[in-house]
Amino acid sequence: MPLPGPEVVIATKNAGKVKEFQALFGERGIAVRSLRDYPDIPDIVEDGETFAANALIKARAVAKAIGAPAVADDSGLAVERLNGAPGVYSARYAGEPADDAANNRKLLAELGQLGATAGAAANPGGVKLLSAAKFVCAMAFVDADGTVLAAVEGECDGAIAAEPRGEHGFGYDPLFYIPQLGRTMAELSMEEKNALSHRGQALRKLWQAMDKQG
């Protein structure tokens, strides 16, 4: 079955994610609605131990609440020198309420305590890097009855820069450096980011899975 049109409901209130989803779904002429359009839906407890589990929890909760299919993603940062942290706790790494700047400060502090930068990704741009890292996005498309129509994951490899760079994006984008481009995620345009990001990769896999079913 193809993705529903002319609109799709995304299980998020995150303004940054909504903008990215709008751009990505816009490539197929599909409008995006988010939880901001459904203020009566209560906050969803994301207590899964993996990105995939949390994506499924959110998608099922929203699909049930609206009586229609829903798409959800759970994304985060896995830092090599922190043994995969912050992982599923990425959004609230520095505690509640979620705060991007505080999360970035905590990440730099945690890596700073480790000293030398062994394990950092190759860096032809001369930017000081603290660790190899990757962004991960798990995405689920669920029918109104809770049936999983598709579940996929996307990843984007990079490294953590010692200082934030760039004004675009959200979350850890100012620290997530892509060596082959010599820029952080926050220095990329929306089009550039969506072409290589974990979320863009996951959504394209979702499209492929649904196209095959259709």
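Indices start at 1 and increase along the chain as displayed.
Even glycines carry a Cβ here, placed using N, Cα and C.
These figures come from a predicted structure and were not determined experimentally.
As recorded in TrEMBL:
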- T12, K13, N14, A15, G16, K17, S75, F170, G171, Y172, D173, K193, H198, R199: substrate binding site (BINDING)
- D74: active site, proton acceptor (ACT_SITE)
- D74: Mg(2+) binding site (BINDING)
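Distribution of TrEMBL features across the structure.
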{"residue": "T12", "record": "substrate binding site", "Cβ within 10 Å": "23"}
{"residue": "N14", "record": "substrate binding site", "Cβ within 10 Å": "19"}
{"residue": "G16", "record": "substrate binding site", "Cβ within 10 Å": "14"}
{"residue": "D74", "record": "active site, proton acceptor", "Cβ within 10 Å": "27"}
{"residue": "S75", "record": "substrate binding site", "Cβ within 10 Å": "25"}
{"residue": "G171", "record": "substrate binding site", "Cβ within 10 Å": "22"}
{"residue": "D173", "record": "substrate binding site", "Cβ within 10 Å": "24"}
{"residue": "H198", "record": "substrate binding site", "Cβ within 10 Å": "24"}
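Under the three-state DSSP scheme, S75 (substrate binding site) falls in the strand class. Taking every pair among T12, K13, N14, A15, G16, K17, S75, F170, G171, Y172, D173, K193, H198, R199, the residues recorded as binding substrate, the greatest CA to CA distance is 20 Å.
The separation of the residue listed as 'active site, proton acceptor' from G16 (substrate binding site), Cα to Cα, is 13 Å.
DSSP classifies D173 (substrate binding site) as coil under the three-state reduction. Counting only the Cα atoms, the space from T12 (substrate binding site) to D74 (active site, proton acceptor) is about 9 angstrom.
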